[in-house]
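Asker: Right, I'll just put the structure down here and ask away after.
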Amino acid sequence: MAEQESLEFGKADFVLMDTVSMPEFMANLRLRFEKGRIYTFIGEVVVSVNPYKSLNIYGRDTIEQYKGRELYERPPHLFAIADAAYKAMKRRSKDTCIVISGESGAGKTEASKYIMQYIAAITNPSQRAEIERVKNMLLKSNCVLEAFGNAKTNRNDNSSRFGKYMDINFDFKGDPIGGHINNYLLEKSRVIVQQPGERSFHSFYQLLQGGSDQMLRSLHLQKSLSSYSYIHVGAQLKGNLKFVVDGDTTLIEDGKLVSIIAELLSTKTDMVEKALLYRTVATGRDVIDKQHTEQEASYGRDAFAKAIYERLFCWIVSRINDIIAVKNSDTTIHGKNTVIGVLDIYGFEIFDNNSFEQFCINYCNEKLQQLFIQLVLKQEQEEYQREGIPWKHIDYFNNQIIVDLVEQQHKGIIAILDDACMNVGKVTDEMFLEALNSKLGKHGHFSSRKLCASDKILEFDRDFRIRHYAGDVVYSVVGFIDKNKDTLFQDFKRLMYNSSNPVLKNMWPEGKLSITEVTKRPLTAATLFKNSMIALVDNLASKEPYYVRCIKPNDMKSPQIFDDERCRHQVEYLGLLENVRVRRAGFAFRQTYEKFLHRYKMISEFTWPNHDLPSDKEAVKKLVEYCGFQDDVAYGKTKIFIRTPRTLFTLEELRAQMLVRIVLFLQKVWRGTLARMRYKRTKAALTIIRYYRRYKVKSYIHEVARRFHGIKTMRDYGKHVQWPTPPKVLHRFEEVLQAVFNRWRASQLIKTIPASDLPQVRAKVAAVEMLKGQRADLGLQRAWEGNYLASKPDTPQTSGTFVPVANELKRKDKYMNVLFSCHVRKVNRFSKVEDRAIFVTDRHLYKMDPTKQYKVMKTIPLYNLTGLSVSNGKDQLVVFHTKDNKDLIVCLFSKQPTHESRIGELVGVLVNHFKSEKRHLQVNVTNPVQCSLHGKKCTVSVETRLNQPQPDFTKNRSGFILSVPGN
């Protein structure tokens, strides 16, 4: 049973209809068509309705949904049948076949292509090159055969005008290794004549419209379809070849065409002309050339055109077979080859004018319908017998009587037709019809106007009617005799055999016979077709069959219209209702105990989740009794049989209700399982991380201890030792540890420094902290004297004058230490540049005039000092920032040695002093330097100038420029 679709789409299997009746069948078929569900099951048969539009149901995702699944597990689809046939072939090494039937335009060819596509998609998972080649050839052969064997008819734009049966051979692994194609009854008469509104084979139009100009010129063809005389369609030049009569002589109207034909057939012009106008006849030992009448010449021309096309088509099929044939297969090595056959053959046809071809086609469909009913009945009976279920007789129409009417030896229509063709003398179609009337007049499925004079639908001496299983068909006997004889003069065969083109030569092997050589009478076209149909049916009967029954919803090729009468007629002649009856045979559904239990065991507490009964059969009985359906089932040996669809639907509803609860329960259990698994994984991960971190920390500490072992005895106290890379968790710890090490190392180094030098060291450290990386020369390599005004080398003439002033200031201002003193050049707010000196103690900053015996010009308490600004160059510019915005701008300079940098020393001693008093001194390193003179903002920028002897200040628009020597 198919996977249950929503009831809004109807029933997915016709077997599950509440009542087996035509109205309910048609209503379900219409509903599914209107809802876009073109496939429906009848048990293991697929009913397909042509949608006349593209549907997105054949892609890779859909293929994966059906791959390896049972028929009842997925909604109805061609892929379900294809997969069932493939599984039966692969699992049981059983030859299978898929029979696709239906009338012209019902979608048989498309169905066969989708089946081939599915089989190609699910095979050769290892992508073996030879298998891929075979698959591609099998798929692409369809295109070639459609071009040469399909045509536009009034019912179908791409109608197959030949029958095709393809065997696909598989190796023991289930991969396609080759194939073989049989073709049946190409409608070659279409080459020379078509019914109104129809066309010849596609290949003509593809050649004329798609061929390059160069190709067409080489073939002496024109693009215009109207240039050709076979109903203005056929693109063979012989159609334009016309005959005229001059007295008693038949002549060719246009001799140039003969030369062109000879060139194309690679033969001689005079031989072509002779074959067209004469027939060579052997009378005893004599050989004579009998000239054709105009009618005979035209008949010969048309027969030649049909024969050439038919043999071309057969040659194409044989070439494809040569390419896809199984190569180098040894059953002792590779195992037995298995086969899937795909039959795509013309459907039942009823035209306005039905001739010999329609007669053969409809006979073919009678044979296939007979096989279908026999095999379905046989399968059902065998299944009931295997399971021990009583068989109920099924009433159905057995079309054996119609098959016998056509093919019975000595009495059938084909036998009568052959007799007429073998009669000596001139035999006409009317004589054949008279023979039918005399021999079949009492047959219930045959009638003619002579037998039923009141039936005016039939024409006297022309029509006869057969009551087929698909309906009544009126056939016109016109052409039956000629088409059955299929006469082609031996002269044409010899002409083609003598062609210099080897392909054409090989198509006509019988042309090598001598003119006087006596041969057996060839079998007629009808007998050949009958024999091929009997062989085909025997071949299909030897395989496990699967069926696709195609239905054409309307004659307008519209995706919107469902013609009830049109579809009802097809349902009747396809025997689909009988198929449903046979399939049900008193029981709508059957399934193995194992699979039934697997699907419905959740309904009963006795079978869920697993039963403890002796067998699956006992468990199924318990389940059915639990649901109260024991009176509506029968138990076979391996299967349960359910009588009414309602029971099955109830089981499905109960299953759907339980599935919700089961899904919720499984979700709960699974979510709990996932949570516990996540918790365990997280806990385990955290434990691993914890131990790993502990290991990394220990490893790091051990490595640090190893590397720094004995650093007290090293000259540099471990400065050269490389620190190991710490784990991320210890980055902060490493920083602290390095800081502790650096402090320890510093303490060890400080111990070696005399106490008198410590203030200078601290000042240098302060200078480095403030200026490192911002100024190049900090003067760290020299001794910092601090009080340069008291130094004789720096001020040899005035040092004696400065010292008393300094002592007086010490007495007066009570300072303890001199921090710094130096000569400077200063600039004031009036842009006046003067040489001065600064004297910095631990309490004040003094500005002095060295020309006036170091008279104090200005005193700035250090608590009023907010910061210093220096430039980032080598100059000696210093700006002292004060709280009252009366900044002091100076440039330090030294006399001995000249250009000595003292900026680092000044910054260091001041910063160190402020730090000792737990105060902060802001130090800015910029260029230009921002400052304020009595509340007025200005800037001091530094410029280097060549040939500048000494630093000097000049006024500019924004403030001042300090020019310093460039050398």
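The chain as shown is numbered from 1 upward.
Glycine residues also receive a Cβ, built from the backbone N, Cα and C atoms like all the rest.
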Asker: Choose the correct range: of 27-49, 395-417, 533-555, which one does TrEMBL annotate as region 'Actin-binding'? Give that range.
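Answerer: That would be 533-555, the stretch labelled region 'Actin-binding' in TrEMBL.
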Asker: Are there residues at least six beyond either end of the region 'Actin-binding' (533-555) with Cβ under 8 Å to its Cβ atoms? List them, or say none.
Answerer: 29, 33, 42, 44-50, 52, 78, 81, 84-85, 88, 94-108, 111, 115, 155, 165, 182, 184, 339, 341, 343, 347, 363-364, 367-368, 370-372, 375, 407, 561-563, 566-567, 570-571, 574, 576
Asker: Suppose the ATP site is G102, E103, S104, G105, A106, G107, K108, T109. Which further residues of the same chain have a Cβ inside 8 angstroms of that site's Cβ centroid?
Answerer: N50, N156, S159, G347, C550, K552
Asker: Which residues does K108 (ATP binding site) neighbour through Cβ under 8 Å, counting only same-chain ones at least six apart?
Answerer: I100, S101, G102, S160, D344, I345, G347, V548, C550
Asker: Pull the DSSP breakdown for the region 'Actin-binding' (533-555) and write it out as helix, strand, coil residue counts.
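Answerer: When I sort the residues of the region 'Actin-binding' (533-555) into the three classes, I find 9 helix, 8 strand, 6 coil.
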Asker: Mean pLDDT for the domain 'TH1' (773-966), rounded to an integer?
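Answerer: The average pLDDT of the model in the domain 'TH1' (773-966) works out to 88.
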Asker: So what sits near E103 (ATP binding site) in its own chain, CB-to-CB under 8 Å and at least six residues off in sequence?
Answerer: R155, G347, F348, E349, C550, K552, Q570
